[in-house]
Amino acid sequence: MGIQGLLQFIQEASEPVNVKKYKGQAVAVDTYCWLHKGAIACAEKLAKGEPTDRYVGFCMKFVNMLLSYGVKPILIFDGCTLPSKKEVERSRRERRQSNLLKGKQLLREGKVSEARDCFARSINITHAMAHKVIKAARALGVDCLVAPYEADAQLAYLNKAGIVQAVITEDSDLLAFGCKKVILKMDQFGNGLEVDQARLGMCKQLGDVFTEEKFRYMCILSGCDYLASLRGIGLAKACKVLRLANNPDIVKVIKKIGHYLRMNITVPEDYITGFIRANNTFLYQLVFDPIQRKLVPLNAYGDDVNPETLTYAGQYVGDSVALQIALGNRDVNTFEQIDDYSPDTMPAHSRSHSWNEKAGQKPPGTNSIWHKNYCPRLEVNSVSHAPQLKEKPSTLGLKQVISTKGLNLPRKSCVLKRPRNEALAEDDLLSQYSSVSKKIKENGCGDGTSPNSSKMSKSCPDSGTAHKTDAHTPSKMRNKFATFLQRRNEESGAVVVPGTRSRFFCSSQDFDNFIPKKESGQPLNETVATGKATTSLLGALDCPDTEGHKPVDANGTHNLSSQIPGNAAVSPEDEAQSSETSKLLGAMSPPSLGTLRSCFSWSGTLREFSRTPSPSASTTLQQFRRKSDPPACLPEASAVVTDRCDSKSEMLGETSQPLHELGCSSRSQESMDSSCGLNTSSLSQPSSRDSGSEESDCNNKSLDNQGEQNSKQHLPHFSKKDGLRRNKVPGLCRSSSMDSFSTTKIKPLVPARVSGLSKKSGSMQTRKHHDVENKPGLQTKISELWKNFGFKKDSEKLPSCKKPLSPVKDNIQLTPETEDEIFNKPECVRAQRAIFH
């Protein structure tokens, strides 16, 4: 169908266009193209003979689209079979029939997809199907016309006569018929390709020498529906022949086609005859004139043309019969009457197709083509209004000031602002966004004293040691602990971001000067104050009279300070600080015994140890010092305890215990714990590390003065530099952190004990200089290390009052609730069972 490859050959003359371009104008539509597309969707039903009208809806979709754009569509349908195409139509009919039979056979075999393809190729659009579309289009007021023979010639006639301004089709033969404007491949949105006859000269292959006649010759030579082409001749070679030939006689040119193309081609006489008939069919095919309502040739006959010899281009019938065929009232094959539509008695109803269209208003070209006063073009109305435009006076050279007050121009709506309420002052407005604590502070400052200063004056009697508070600190806090933490942060200059502080993951600088939680316990039947000042202080506040605890006098204080080397005398300023700390920690409730007897517990302090001696802890311990002197114990027991302390000091990384220890120990144990607890106090700063920071736990666990002397023997072998900072984070295991200036201690190997615990050697020395390792005399030799490494053959003889060493009891780390000798006392059998069983 059509001329193969014509659209690509003339693509320079085509341009994309939307059908809205023809708004207010009339376009003719080759409806059979829409019918073929719509029938493919229901090809299976049509092949089976089942009733369907999906193709009608498909065609009406395009019709409604054109009406929505303001374009008047005129639907054109094919009529009778043209005598020139009988051979072509017969071959097409046979091909459709074979596809139908093949599809039915495939459907029986169960090959549905292949059968559907065969059904799509076997579609035959009948006049009954076209009549359904005609009725549906008439219901919308759309004009329909059935061509006497082919719709292509009828479309070309309407376009050339000016009844329609463009033609919508899928067939390229319309260009050979001489159509002015053709819209090809239009989609459901109105987009397509427009080929204008006036732009055919833009094609480089055609050139300027081509005319409408030569273009038609080229289409016939390349092959069309009316004549098959010669073997090996297409559009390109046909165009070349017509460009080279200067002879106006086309018959002579066809005979010499082999000469022009330099090919061995023999042109038969039948081809020349067929060429002449095809050319006459393109020129003189019969069409119907809807305005005159009669059959007319596409082009007027020439002087040398006999109409009686052009029967292959269509046979004449009566005008009345042709009118009934054009209206669709008669069948094109049998000429039977199938409808009685009359455009004169049944005028088309005027219907609006857009919101902007007014009732009774008819745009140009919307009247029916069956009316005698049909105005096909817009130029008719524009010409009638032309004289009125000339009557208006010319404004050329005139100057006038134009005012726009009377014009209804689009402008922004006036937005009225609500009046400002002047009753509310700026101070009142700012006070709404200020906190209540700030107002309280302002009131306090107006009296001459700030709340923070008054509070601090109560807690700190000495102005020299009073802590400085920030002016922006609110006076009212949720609890005392929050106030204390905030004051410590302000003193240390730490930057606190709300919601981002973590008590577990932080640096040591962020938790300076923090006070630990109080800890107390009541193991078994009595409460004993332990080595830490915090535990002693809080235990005294909670139960001061338990088991005969009494404050000590000044002599006891002097004795305590004399027992601990490196401690200075207690000043009243330090006592003031201790009293302040005790008041702040007094509000905290001690945890129960079950809480203390757990694997994890809060550590003592987060406060940074200073290098200056602080006697505040000794002052605190004065009131808990026993007046009676502790009795001496066996030297063997003290040695064992000392060994245990040394072992534990190594296992814990030479760090002090975070929790206090409770137990049923002797008075000598309490005396030694309270005297040595000054080094690990969480409320005060530790003394200068004369006694060694790593030996603090050992001193706390000594049973008598002999244990204290054993611990003092190790003092010369350790560095006395004060660089060790210990920050105890609550809930985490304690780790020993040393100052960057301190050196690493060397722990030489000693003979191992039977229980598997190692004992510290008394000859272990600390390097006092960074270049000590390079001095030959002070270097440790491998031979000496091997001498020290070994096992003792003779086990120690234990006194009868003690039980033999146990690999289970001696290897476990003592809990904070128990002391060393709790396992050696017969009255503490219950505690042993509770711990080990």
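Keep in mind that glycine also has a Cβ here, set from the backbone N, Cα and C atoms.
Pulled from Swiss-Prot:
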| type | residues | note |
| --- | --- | --- |
| REGION | 1-99 | region 'N-domain' |
| BINDING | Asp30, Asp78, Glu150, Asp152 | Mg(2+) 1 binding site |
| REGION | 129-386 | region 'Interaction with MSH3' |
| REGION | 138-229 | region 'I-domain' |
| BINDING | Asp171, Asp173, Asp225 | Mg(2+) 2 binding site |
| REGION | 345-367 | region 'Disordered' |
| REGION | 387-488 | region 'Interaction with MLH1' |
| REGION | 440-477 | region 'Disordered' |
| COMPBIAS | 449-462 | compositional bias 'Polar residues' |
| MOD_RES | Lys480 | N6-acetyllysine |
| REGION | 555-589 | region 'Disordered' |
| COMPBIAS | 556-565 | compositional bias 'Polar residues' |
| MOD_RES | Ser589 | phosphoserine |
| REGION | 591-837 | region 'Interaction with MSH2' |
| MOD_RES | Ser601 | phosphoserine |
| REGION | 608-740 | region 'Disordered' |
| COMPBIAS | 611-623 | compositional bias 'Polar residues' |
| MOD_RES | Thr612 | phosphothreonine |
| MOD_RES | Ser614 | phosphoserine |
| COMPBIAS | 665-690 | compositional bias 'Polar residues' |
| MOD_RES | Ser666 | phosphoserine |
| COMPBIAS | 699-713 | compositional bias 'Polar residues' |
| MOD_RES | Ser737 | phosphoserine |
| REGION | 778-837 | region 'Interaction with MLH1' |
Asp30, Asp78, Glu150, Asp152 excluded, remaining Cβ within 8 Å of their centroid (Mg(2+) 1): Tyr32, Ile76, Ala147, Ala151, Ala153, Gln154, Leu155, Asp171
Cβ contacts of Asp152 (Mg(2+) 1 binding site) (under 8 Å, same chain, 6 or more positions away): Asp30, Thr169, Asp171, Asp173, Leu174, Phe177
CB contacts for Asp30 (Mg(2+) 1 binding site) [other CB atoms within 10 A, all chains]: 25
The region 'I-domain' (138-229) - residue tally per DSSP class, helix then strand then coil: 35 helix, 18 strand, 39 coil
Three-class DSSP secondary structure - Asp78 (Mg(2+) 1 binding site): coil
Between Glu150 (Mg(2+) 1 binding site) and Asp225 (Mg(2+) 2 binding site), the C-alpha gap once rounded to whole angstrom: 12
Helix, strand and coil residues within the region 'N-domain' (1-99) as assigned by DSSP: 59 helix, 16 strand, 24 coil
Largest tally of Cβ atoms lying within 10 Å of a Cβ, found at which of the binding-site residues Asp78, Glu150: Glu150
Stretch-averaged pLDDT - the region 'Interaction with MSH2' (591-837): 48
Neighbour count (Cβ, 10 Å) for Asp171 (Mg(2+) 2 binding site): 23
Cα-Cα distance linking Asp78 (Mg(2+) 1 binding site) and Asp225 (Mg(2+) 2 binding site), given in Å to the nearest integer: 15
